[in-house]
Amino acid sequence: MSGNRGVVYLGPGKVEVQNIPYPKMQDPQGRQIDHGVILRVVSTNICGSDQHMVRGRTTAPEGLVLGHEITGEVVEIGRGVETMKIGDLVSVPFNVACGHCRTCKEQHTGVCLTVNPARAGGAYGYVDMGGWVGGQAEYVLVPYADFNLLKLPNREAAMEKIRDLTCLSDILPTGYHGAVTAGVGPGSTVYIAGAGPVGLAAAASARLLGAAVVIVGDVNPTRLAHAKKQGFEIADLSKDTPLHEQIAALLGEPEVDCAVDAVGFEARGHGHSGSQQEAPATVLNSLMGITRVAGKIGIPGLYVTEDPGAVDAAAKHGALSIRFGLGWAKSHSFHTGQTPVMKYNRQLMQAIMWDRIKIADIVGVEVITLDDAPKGYGEFDAGVPKKFVIDPHNLFRAA
């Protein structure tokens, strides 16, 4: 048995690297399992969803070990595991899923029915998602390993592209899911709300799917400049020029075929004054306004049932002032919920290995040490155009 260290949430605005228990072959209720593996973590990423917790915008308990974006090397195998072996390099979908229940069999692994006693769906290191220990650590347990893990073939080639492959655990499939559920295809005009890592992953996915034009909107000028550098059109939502007018200036018409919400419940308003304050319904309402009749809206951005820091009493319980009548009148289709990573990760792995997508450059991957994780959280919260990837064992240098 080895020691272990991980990134621990200690209350709003505070995370710390601490000694934590080495993983055991047990579920969160303490029951012995034979279907799991223990990984030496090769990479684990800081996600915008983690930031929601760290900002105190969820009911996450102090002491929670963070991290749901994990790539690792198998170092221990449960007695019931059949397809994994010691030394395998694997990508871990952020969804914890059993593979046996109805929703798993229907590829809805984001809402597995058995891994979380409180509700459908499980994830590592996340509030209300089953108590599975997070992977921003040196070692982590992965249950139902035969079902959940994506083996990365050819370890040497994979390590050469590890900065890209680390995005397979969440943000690339999540962005892709947003684009797919928004109906993106060859020739589509697409608007992406949010120039953070998920928004850029959605934009890159739209391009991969054949979109003619991809517009990324945000209130953060630094992130918009990065998006522009990656070849996307941009809409500056901190300006008083309405979004539909900015789109019309680019396309010659004020609406798009497809739209993606990559922001979620901590959205800000639009315009010089509006962008200075939260307005959680802004993105959804704006997307209904600029999506054409019979268009589709993909919503991978996170919305919660409880938000202690919400701007009003209704939003504290996930109730937002949505112009649903507009969406109904325009016959919009909406798709929400946790991304079923397994539905896409194998194909996206192939796209990375064959240089069809350079996701690390697009989302601004910056590799940091485990000890630098608190600093990474601080910089990410300040809005830098980066995706922080933690390298707990300094393996990237050897790659």
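Glycine is treated like the rest: Cβ placed from N, Cα and C.
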NAD(+) site partner of Gly48, Ser49, His52, Asp218, Arg223, Val263, Arg268, His270, Pro300, Leu302, Gly337, Thr339 (as recorded in Swiss-Prot), chosen from Val65, Val74, Val198:
Val198
Among Asp146, Asp164, Asp170 - the residue Swiss-Prot places in the same Zn(2+) 1 site as Cys47, His68:
Asp170
Just to verify a number: CA distance, Asp170 (Zn(2+) 1 binding site) to Thr339 (NAD(+) binding site), in angstrom, no decimals.
8
Out of Cys101, Cys104, Cys112, His270, Leu302, which of these binding-site residues is nearest Cys47 (Zn(2+) 1 binding site) by C-alpha distance?
Leu302
Write down the Cα-Cα distance for Cys112 (Zn(2+) 2 binding site) and Leu302 (NAD(+) binding site), rounded and given in Å.
18
Going by Cα-Cα distance, which of the binding-site residues (Cys98, Cys101, Cys104, Cys112) sits nearest to His52 (NAD(+) binding site)?
Cys112
Compare the Cα of Asp218 (NAD(+) binding site) against each of the binding-site residues His68, Cys104, Cys112 and report the nearest.
His68
To the nearest whole angstrom, what is the C-alpha distance linking Cys112 (Zn(2+) 2 binding site) and Thr339 (NAD(+) binding site)?
12
